[in-house]
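> Got a structure here, written out as structure tokens. Questions coming.
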Amino acid sequence: MRPAHHLPPVILVFDSGLGGLTVLEQVRRARPDAAYLYAADDAAFPYGRLSEPQLVARVLTVMERLIALHSPDLVVIACNTASTVVLPALRQRFVTPFVGVVPPIKPAAALTRSGLVSLLATPGTVARAYTRDLVKSYAATCTVSLVGSVNLARYAEAEMAGAKVADSDILAEIAPCFDEREDGRRTDVVCLSCTHYPLLLSRFERLAPWPVTWIDPAPAIARRVVQLMGEPADAPDAPEGLAVFTGGTGLNSALARALAGRGLAETVVEAMPLTAD
Ligand code: DGL
């Protein structure tokens with residue numbers, strides 16, 4: 001047995017579904033020595049349709065169980081829809097440090113040349129006071145279009161589980177991001193403000209009416225994790241990751257292969273049905 005001080009830190013990456021895998025990838029790159037637990041609250045997917053009080057209650061309930069079972073050293077809430085509303089409640093309830101993912105408005109405002117920025121997110125994230133405050137504080141000199149997509153997170157999940165989503169369906173979701181003005185200015189930056197969307201990035205790039213810069217906040221999240229936990233230890237024998245699903249109805253062999261390809265060799269279901277209250 002290894003002495004306790006050589007045990008790798010445990011990092012829990014949490015999302016409503018598979019989107020947080022895009023964040024896991026970046027965090028793992030930054031801290032390859034850690035032990036990873038990926039939790040998908042798929043029993044409550046999509047979070048974009050839950051009211052704010054429902055969502056806060058749900059994430060607290062699920063987190064209570066995950067923290068009790070797995071004692072993570074740090075939790076990444078790899079979900080904009082949740083982070084924009086539940087972080088204060090989580091930090092109040094648990095001593096474990098939490099890192100959230102929120103829309104990358106600040107870098108978008110710094111990058112745009114045309115002053116036309118779009119924020120592509122779930123209907124929940126675009127409706128948040130938190131998101132609107134970010135826009136006011138960091139992008140007051142830009143025109144920011146808030147584009148709420150009802151279907152994209154579900155499309156990303158479907159593709160991950162081996163189904164094919166038509167180009168026309170994806171284009172219909174991203175088209176409202178592209179704004180062209182009479183003075184010739186066009187949207188030049190789109191914030192990927194749902195962690196599911198980078199899973200479809202190559203499709204977005206191919207289908208976009210004109211090239212734009214797509215901002216994925218995941219590398220910044222990984223840097224924040226390193227700030228809090230320190231640089232990686234020289235420990236080449238980091239254990240295989242574990243994926244936990246609260247529902248598990250979408251688990252199939254294509255998805256199991258995709259998870260294994262992302263270092264999550266084992267999958268378990270911790271059944272936590274979403275109750276109506
Ligand atoms: N991946 C989540 C996010 O970053 C949202 C998907 C959902 O609606 O559950 O916002």
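Using N, Cα and C of the backbone, Cβ positions are placed for all residues, glycine too.
Pasting the feature list from TrEMBL:
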- CYS79: active site, proton donor/acceptor (ACT_SITE)
- CYS194: active site, proton donor/acceptor (ACT_SITE)
- ASP15, SER16, TYR47, GLY48, ASN80, THR81, THR195, HIS196: substrate binding site (BINDING)
> In whole Å, how far is CYS79 (active site, proton donor/acceptor) from THR195 (substrate binding site) when you measure between their Cα atoms?
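Roughly 6 Å, rounded to the nearest whole number.
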> So for ASN80 (substrate binding site), how many other CB atoms are inside 10 Å of its CB?
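Other Cβ atoms found within 10 Å: 34.
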> Translate the DSSP assignment of CYS79 (active site, proton donor/acceptor) into the three-state scheme.
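SS state of CYS79 (active site, proton donor/acceptor) = coil.
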> Far apart in sequence but close in space: which same-chain residues, 6 or more away, have a Cβ under 8 Å from CYS79 (active site, proton donor/acceptor)?
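Same-chain residues close to CYS79 (active site, proton donor/acceptor) (Cβ under 8 Å, separated by 6 or more) are PHE14, ASP15, SER16, GLY19, GLY20, TYR47, VAL101, CYS194, THR195.
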> Translate the DSSP assignment of TYR47 (substrate binding site) into the three-state scheme.
helix
> Restricting to the same chain and to sequence separations of six or more, state which residues have a Cβ under 8 Å from that of HIS196 (substrate binding site).
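Spatial neighbours, sequence-distant, of HIS196 (substrate binding site): GLY17, LEU18, GLY19, THR22, LEU152, ALA153, ALA156, GLU157.
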> Note the Cβ centroid of ASP15, SER16, TYR47, GLY48, ASN80, THR81, THR195, HIS196, the recorded substrate site, then list each other residue of that chain whose Cβ lies within 8 Å of it, in sequence.
GLY17, GLY19, GLY20, PRO46, CYS79, ALA82, THR122, GLY124, THR125, ALA153, CYS194
